[in-house]
Each structure stands twice: as structure tokens, then as C-alpha cells.
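Colleague: My structure is below; once you've seen it, I'll send some questions.
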Amino acid sequence: MVAPVWYLVAAALLVGFILFLTRSRGRAASAGQEPLHNEELAGAGRVAQPGPLEPEEPRAGGRPRRRRDLGSRLQAQRRAQRVAWAEADENEEEAVILAQEEEGVEKPAETHLSGKIGAKKLRKLEEKQARKAQREAEEAEREERKRLESQREAEWKKEEERLRLEEEQKEEEERKAREEQAQREHEEYLKLKEAFVVEEEGVGETMTEEQSQSFLTEFINYIKQSKVVLLEDLASQVGLRTQDTINRIQDLLAEGTITGVIDDRGKFIYITPEELAAVANFIRQRGRVSIAELAQASNSLIAWGRESPAQAPA
């Protein structure tokens, strides 16, 4: 009977000892976590410091009372600390990326904080980088378009100026050519006017301008209608010396007023431009021709005396 009682007492003492050890270990673990918790709060920086834990209420017998809701408070503090760390990391990452944007860096920042930044925040930063790159590309395209337009406008103005200068130069050359032609015609007219002198009763009388022009016209018409004229007869008809008549005919030939040839027998043969072209065509077609062949062909190509000569000018 005594043995079972001792067994019960020993079992009760063993259970009490186990409970005592369990409580002692729990208090030691709580005391060891409190310094570590204080160090973590100090490293968080900008994290708001949680309120102090309630002091332990003394228990009877001098033993401290267990803190109320200690585990819940510790978990809340850890969550707040992690949130603060994440915000600090994101702010630091964004500051780095903004600094790189100002320096012209197009790629997203890859720092030691990239592993801690959230995927959503990283996506926003990448979209911001893409928008910035698109704006820069559009601005570069606008600048290039402005440059090309300015270059085309400058080339167009240069071409317009070149055409204007060419037109002015062409007009100036045409004006000079007209003036030179008019000057030559006037000089030739004066030469002819001085050459045609009517000798009457041994006294030379110079014609007026109107008379000289009329006499020249009649002189040319007489040659054209006669076709073949003897130079001595022509000189006597117009009242000039034979040499002066020859000189006047040569001047008219040089001017292109009349066309023809002066043969070695002292005759002038007037040939129209059409007849001259027909003779030239005959020579080109036949190749080499003799004088006899040319003379024979001329009888059919040139109208010899078909027009009755007009009355010689008085």
C-alpha cells in the first residue's frame, strides 16, 4: 500500500519539475529575442518605432508575469519593418533610375537592389523608360525632318537663283547681239550710201537717204530680174564706175542680200537660194562631177533669163 503512494508522489514531482523547466526555457528565449528585436528596429531607419511593451506585472512569489500578446506584437513589428524596407528600396531604386535618365542611360538600372524591387514597380519604371525613349526618337525624327526641309529649300533657292542668272545672261547676250546687228546694218547702209554717187555733168552729187535706199532697192531688183548681167553694162546703167559696181555687188553678196557668182568674163550671174540648193543637192547625189556636167545640169536647174529684165534704174 505504501509503494503506490510513493509512486504517485514521485510522478507528481516529476511533472512539476518538467513544467518548471518548460517555463524557464520560455522566459530565456523571450529575453534573448528582445535584444535582437531592438537591433532590427534600429537598422530599419525611417520605420516608426513601436510603443514600448507593457512592463511585466509582478507575480506572487517574485516571479515576472508573462507579457500579453507578445507574439502578435512582434509579428506586427516585423511586417511594418519589411514594408519600410521595401519602400526604402523602391525609393532608392527610383532615384537611381531618374539619375540615369538625366545622364542619358536608356537601360533599366541593374543594382544590388533590383532583387528587392517589386515586379509591378519594375514594370512601371520600364514603361517610363520606353516612353522616354519614344519621345527622344520622335524628337530626333522631327529634327531630321526639319533639317531635310531646310536643305531642300536651300537647294531650291540656289537652283532658282542659277536659272535667274542664266535668263538674265541670255537676255543680255540677245540684247548685245541685236545691238551689234543693228550697228552692222547701219554701218553697211552708210557705206552703200557713200558709194552710190550720181555723176552728172562732171559734178558728184550725194543722194539723200531716201533716194539712196530707193536706188539700192531698184539696183537689187534689176540684178534679180536680169539673172545674167554684164558688169560694164550694169555700171553704165546705174551711173557708177565698173569697179564701184563690182565692189557694191561683193558687199551685197557678203551681206547675203543677193546670191550668185561673178565669172571671168565680167558677168554677174544671179542664183536664187533655191537654185543654189538644187545645184548643191545634184553635186551630193552625183559625187564627183566635171565642169561640163555641172554646166549641162545648170541649164535645167537654173532659170536662165526666164524673167524679162526690168528697166534699169535711172
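Using N, Cα and C of the backbone, Cβ positions are placed for all residues, glycine too.
Feature table excerpt (Swiss-Prot):
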type	residues	note
REGION	1-114	region 'Mediates interaction with CDK5RAP3'
TOPO_DOM	29-314	topological domain 'Cytoplasmic'
REGION	31-75	region 'Disordered'
MOD_RES	Ser72	phosphoserine
REGION	100-186	region 'Disordered'
MOD_RES	Ser114	phosphoserine
REGION	216-314	region 'Mediates interaction with UFL1'
DOMAIN	229-273	domain 'PCI'
CROSSLNK	Lys267	UFM1 cross-link
Colleague: Using Cα coordinates, what distance in whole Å links Lys267 (UFM1 cross-link) and Ser72 (phosphoserine)?
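Modeller: A Cα-Cα distance of 145 Å.
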Colleague: Over the topological domain 'Cytoplasmic' (29-314), work out the mean pLDDT and round it to an integer.
Modeller: 71
Colleague: What does DSSP say about the residue listed as 'UFM1 cross-link': helix, strand or coil?
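Modeller: It is in a strand.
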Colleague: Under the DSSP assignment, what numbers of helix, strand and coil residues are found in the domain 'PCI' (229-273)?
Modeller: 23 helix, 9 strand, 13 coil
Colleague: So of Ser72, Lys267, which of the recorded positions has the fewest other Cβ atoms within 10 Å around its own Cβ?
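Modeller: Counting other Cβ atoms within 10 Å of each of the recorded positions Ser72, Lys267, the minimum falls on Ser72.
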